[in-house]
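Remarks on the structure that follows.
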Amino acid sequence: MAPLIYSALIISLGLGTTMTFASTHWYLAWMGIEINTLAIIPLMAQNHIPRAIEATTKYFFVQATASATLLFAGISNAFLTGQWDITYTPYTLTSTLITLALAMKIGLAPLHSWMPEVMQGLNLLTGLILSTWQKLAPLYLIYQIQPNNPNIFIALGLMSIIVGGWGGFNQVQLRKILAYSSIAHLGWMILILSFSPPLALLTIIIYILMTFSLFSSFMLTRTTHINSLSTTWAKIPILTISTPLILLSLGGLPPLTGFMPKWMILQELTKQSLCPLATMAALSSLFSLYFYLRLSYAMTLTMPPNNPAGTLPWRLNPQHNTLPLALTTTSTICLLPMTPAIMSLMPF
């Protein structure tokens, strides 16, 4: 892809999300999401291989369905209330339709089935954009509507945590595992959104940090299959240490950064007298922890293959800028001691 076209598409991605963030009108917010969708489609199809084209087609149809539903719900809300204000959705039917349309856009269970298949057909960089940046605008709109009855958020969140963990079992393709990981983490965000929006924001920020670190590690080693993880030591030996720690942080194990949002979410749910819900969420997250441990085991404890003949890979100069990876990996591993300072800064 030509650099000028690539730059225009990246700028359009940023423009669409910014337009949605700045909107108080349903039609402008919908336009921002559509700009976002239309900008990422050429990035998905840039490899010109059948799997990428198939993934792009699936993504287009799903996003078109969700966008049509969102526009219909917004028009219905404007017809019933007489105004296009995003924050004013007093009718249960329209707010439920909007929530489900946005849930389909970001891949929340039970509207998640497109996400693993689409991720499998993309390269890692486009998959990173799909897993992080493309979630921001719909999550912002979900935060804005917030129906009076939080049961729909609780149901979507709990189902996403269960499906995201259960679906990662027996997967060998890393992009599918990352897709199910994204679904599970979105479940934690939606679960707490109606009770503590600042905590949901903290969860999103930490999720983006961890996901960026993991995708960057896999891009650096060009790894897309679980069997390829055992050769990481021969390419970049330091990643054999850092990547398992990133995976365990995604799983929410202390003393890593990923433990912070889950710990605080469970604490908030307990304060809201929702102990059974907190228990179910904590037990369901064990499914996700299993496949993170499986990846860590495949990376560190399996027998490495024989050295290939020729120049050893670690003696070559790296061709990628590793500073962002170093910064985000440090944040992914070491931020847990900063929890008291973060809690004092955010209005929980």
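The backbone N, Cα and C atoms fix where each Cβ goes, and this holds for glycine too.
The domain 'NADH:quinone oxidoreductase/Mrp antiporter transmembrane' feature in TrEMBL is assigned to 23-287.
Tertiary neighbourhood of the transmembrane segment (57-79): same-chain residues 26-27, 30, 33-34, 37, 40-41, 44, 88-89, 91, 93-95, 97-98, 100-102, 104-105, 114, 117-118, selected by CB-CB distance under 8 Å and a gap of 6+ residues from either end. Taken from TrEMBL, the feature transmembrane segment applies to 57-79 (among others).
Among the features that TrEMBL reports, transmembrane segment is placed at 91-111 (among others).
Here TrEMBL flags 123-145 (among others) as transmembrane segment.
Distant neighbours of the transmembrane segment (151-170): 96, 99, 103, 108-110, 112, 116, 176-177, 180-194, 277, 280-281, 284-291; these residues of the same chain sit at least 6 beyond its ends, with a Cβ under 8 Å from one of its Cβ atoms. Annotated transmembrane segment per TrEMBL: 151-170 (among others), in sequence order.
According to TrEMBL, the feature transmembrane segment maps to 177-195 (among others). Taking Cβ pairs closer than 8 Å, the transmembrane segment (177-195) reaches residues 103, 106-109, 112, 115-116, 118-120, 127, 131, 135, 139, 142-143, 146, 150, 153-154, 156-165, 167-168, 171, 203-204, 207, 211, 214-215, 226, 250, 261-262, 265, 268-269, 272, 277, 281, 285, 287-288, 291-292, 295 in its own chain, all 6 or more past its ends.
The transmembrane segment feature in TrEMBL is assigned to 201-221 (among others).
Per TrEMBL, the feature transmembrane segment maps to 233-253 (among others).
Tertiary neighbourhood of the transmembrane segment (273-293): same-chain residues 154, 157-158, 161-162, 164-166, 168-169, 171, 177, 180-181, 184, 188, 191, 247-248, 250-253, 262, 265-266, selected by CB-CB distance under 8 Å and a gap of 6+ residues from either end. The transmembrane segment annotation in TrEMBL covers 273-293 (among others).
Among the features that TrEMBL reports, domain 'NADH dehydrogenase subunit 2 C-terminal' is placed at 289-343.
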